[in-house]
Ligand SMILES: Nc1nc2c(ncn2[C@@H]2O[C@H](COP(=O)(O)OP(=O)(O)OP(=O)(O)O)[C@@H](O)[C@H]2O)c(=O)[nH]1
Ligand SMILES: [Zn+2]
């Protein structure tokens, strides 16, 4: 029997100058769904080096529309800055809007949160699990970029476990607790209480 078609494929790469420095954008596609994902790389490294990376889940409202309802935009900016300061690193930008439920369902979930539900209750009220994200594409992205050892910028232990399960060596976690606002404090507290995030309690006072 011939091999089944690969679940994900690398498509193309190009230079991506940004406000922070010159990155390279690498495009990938999920074969079954045609869902597109990108990685942004900066600088160079040896194959066995520990490379600072962030797995960033798409958040149109936070990343592109300056929302302060969540911390995503602040984290993305800080991660890009960190990488340029380190001299090298990668953002795996996964198109998992709304923790995997999509943009319009996230807006429905926000609407329920406007009436008093928390982020988990809202997802469940809509018939979704609290977090539907799948990180398996990260393996192809990291292999394509010759990365085996990482320092992961995150507050979410699930991302560490997902990388470890795919054979990536997570040498260190770098907390990324920037962007606490009056608008997102309750959301961040819920993530800590119900979704297992690790957050410096002093920052949530
Ligand atoms: N369903 C839903 N998704 C949300 C909500 N607020 C933010 N998101 C999405 O959550 C994702 C980001 O997840 P977070 O829980 O903020 O952070 P994380 O990626 O798990 O962890 P970090 O690496 O620490 O940032 C993005 O896809 C956002 O669009 C919400 O209230 N409901
Ligand atoms: Zn967000």
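Including glycine, each Cβ sits where the backbone N, Cα and C put it.
TrEMBL does not curate its annotations; it predicts them automatically.
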One of 33, 115, 119 listed by TrEMBL as binding GTP at the site of 54, 55, 56, 57, 58, 75, 97, 98, 99, 154, 159: 119
CB contacts for residue 54 (GTP binding site) [other CB atoms within 10 A, all chains]: 25
By Cα-Cα distance, the member of binding-site residues 56, 59, 72, 99 nearest residue 133 (active site, nucleophile): 99
Closest of 59, 72, 131 to residue 97 (GTP binding site), Cα positions, recorded positions only: 59
All-chain count of other Cβ atoms within 10 Å of residue 131 (active site, proton acceptor): 19
Helix, strand or coil at residue 99 (GTP binding site) [DSSP, three-state]: helix
Coarse DSSP state, helix versus strand versus coil, of residue 54 (GTP binding site): strand
